[in-house]
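Undergrad: As annotated by TrEMBL, coiled coil applies to 91-153. Marked as compositional bias 'Low complexity' by TrEMBL: 211-229. TrEMBL lists 21-187 with the feature domain 'Autophagy-related protein 16'. The region 'Disordered' feature in TrEMBL is assigned to 183-242. Taken from TrEMBL, the feature repeat 'WD' covers 302-343, 346-387, 388-429, 530-558.
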Amino acid sequence: MEPGGTSQRSGRSAESCWRGHIVQQLKHRDRSQNAMFQDLIRFYTQLLEKTSLTKGLLSRHPWAAGGSSLSSVPQQNSQLKETTGELAYQVVELQQQIRDKECVVQEQRTRLQEEESRLAGVFDAHQALQERVEQVQVENRTLKMEYDALLERQRWAESRLREEKVQEEHLLEDLMYLKKQAASRMNTRNERRSRARQATLQKELQMAARSKVSCDSPSSAPSSRSSSPKTQHRDESNKRVPARLFRSASATSQRNPTFFFSSFHLFDRKRRGHSVSLEEDQLFPVGVCLSARVPARALQVLEAHGEGINTVRFSFGSDLLATGGTDRVIKVWEVRAGSLTHRTTLDGSTGSITCVEFDPTGRRILAASYDKSALLWQLDASVPKVTLTGHSRKVSAARFTCASHQVVTGSHDRTVRLWDLHRAACVQQVEVGSFCTDLVCSESSIISGHFDSKIRVWDPRAVSCVQELPAQGHVTSLDLSSDRRQLLSCCRDDCLQLLDLRRWSSERVCVSFRAEGFKCGSDSTKAVISPDGCYLAAGSADGAVYIWSVSTGSLETRLPDKHSASISAVSWSLTGEYVVSVDKSRRAVLWSDI
C-alpha cells in the first residue's frame, strides 16, 4: 500500500504544479489584457451566466428526467433563439467596440510616430546648437587672444607715454635753464648799457657844470659850446612848464576819444608785490572819470548772426566787440571810425551762448553756454582753449575774477562755482536756493542775481553768503560801475535798480528807474551803466533803447525804429563813445552822437 500511496501523492503534486503554472499564466494575461478587453470579458461573463441559467432551466423540466412532455420544446426553442439573437447582437457590439479601440490605438501610434519625428528634429537642432556653441567658444578664445594683445599694446603705449612725459619734463627743464641763461645775459647787457648811459650822463653833467653861461639878457644864448643838446632840450622843456598842464575830462574826451584808452593803459600796469609780473597777473584797471556821450543816432545796422543774439560786450580797450547768439558761435568785431568790421568767429559750443566777456588784456574771451559749460578762447584761435564742465543745467553767467587765472560761473542748477583755469577744475562750489541769472565780481566779493528776486553777495575766501538783498522782481542782469561803487540790477518787473555798494546796511541808497513804454523782454535782458556812472542803458521789448540819467532819475533819451524785435542786451564802450544793442532777430546796432 505504501508504494501505491506514494505514486498517487506524486501524481497529485505534479497535477497541482502545472495547474498553478496555468493559473499564474492566466493571471498574468488577465492583468495585461484586462484593460483592453474589460468590456468583452464582462459580456462574456454575462453570456456564461445566461448559458448556465439555460442549463438549469432545462435540467428542471420533466422531459429531462424522462417523464416530461414534449409540448414545451417549441417554446424553449424560441427562448433559445431569442437568447442566441441577443448574444449575437452583443457580440456585434463588442466587435464594434474592439474596432473603435483599434482606431484609438492606431491614432495613438500615429501621434507617437509624430512625437518621435519631432524628437528627432529637436535632437538635430540640439546638435546644431551644440556645434554653434563650440564655434562661439572658438571665436571667444580668438577675441580673448586679440584683447590680450591689445591690452599688452596699451601697456606698452602707456609706458612710452610715461617715458615721453619724463623726456618732456627734461626738455622743459633744459628750456627753462636756457631761458634763464639768456635772461641773465640780457640783464648783464642791459646793466652794462645802463652803466654806460649813466657814465655818459655824468660826463655831460660835468661838462655842463664847467661851462660858463651869461645871464645878462633873457634872450642870450649859452656862451659855452660844450653844452649838450640834451641839456638844451631840458631847458626848453622847463620853459614850457608854466603852461596849462591839465584839462577837464569832458573836454578831453570830446576832442580826443582815445584819451580814455591811453589813460586806461597807464593804470593797467599795476603790480602785485613782484618786481616783474606777466600780463595775465595784472589787476583790473582803475577807472577814469569820463563824461560819456549820450547816443543820438545809429551809425550802423547789420545782421550780425544767423539766429537771435543773446549777449554783447566791448573789450576793455573799446577797440573790439564780441557778440554771442543762439547759433552757438561768438563773433568778434573791430570798432573803427564808427563802424563794425568782422574780425573772427569762435566756435566750439554745442549750445546757445548766454554770456560773453573779455579779460583785461583783451586777448581772451570767456563765454557761458546752454550746453552746461563755460568756454575760454584765445582771441586768434577759433576753438576753445579751456572747457569748464560740471554744471547739470545751462550756464547763465561766466565772469573773470580779480585773479585772472580764476573765473566764476552761475547756472540754473542753483550753484555758483569758482574755477581754476590752470587746472580747468572747480575749486569752490556754493549751493543757492534759486536759479542764478547773472554775476559780477569786485575785488573782494562775488555778487549774483537770482530768479527768486534776490541779490546775494559772496565771500570767495569763506565760501559763504555775507549779504542778501531784495530786488524789485526776478533779476535778469547785473552790472558794476567802473569805480566798483554802484551795482545796477535789471528786474523782470520793468524796473532798473541802482545800489550803492559802500552802504550794505539799512543806510544803503537804492534808486529805481522806470519809463513809460519800457518793458523787460526776457529773463536774460541785460542793462549797463555808462563808464562815467552818469547814465543807465537798457533795451526794451518794443525794440527801443532807453537811457536814464542817474543824477535826475528821469529818462534822458529813447532810441527807437532800428530793431524789429525785443532787445536782449546792450553794451557801452569804456571810451564812452559807442553803445551797441542786439536783439532776437539777429540784428546789431551801433549808436553814437557823432
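The backbone N, Cα and C atoms fix where each Cβ goes, and this holds for glycine too.
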Undergrad: What residues elsewhere in the chain lie close to the repeat 'WD' (530-558), defined as a C-beta under 8 angstroms and at least 6 residues from its ends?
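TA: Sequence-distant neighbours of the repeat 'WD' (530-558): 260, 287, 289-292, 294-296, 481-483, 485-486, 488, 490, 496, 498, 511, 513, 515, 517-521, 564-570, 572-576, 579, 581, 583, 591.
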Undergrad: By Cβ distance under 8 Å, which residues at least 6 away from the ends of the repeat 'WD' (346-387) in the same chain are close to it?
TA: 268, 279-280, 282-285, 310-317, 319-320, 322-332, 393-400, 404, 407, 409, 411, 419, 421, 424, 438, 524
Undergrad: Just give the helix, strand and coil counts over the repeat 'WD' (302-343), going by DSSP.
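TA: Its residues divide into 0 helix, 26 strand, 16 coil.
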Undergrad: Limited to the repeat 'WD' (388-429), I'd like the whole-number average of pLDDT.
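TA: Computed over the repeat 'WD' (388-429), the mean pLDDT is 91 on the 0 to 100 scale.
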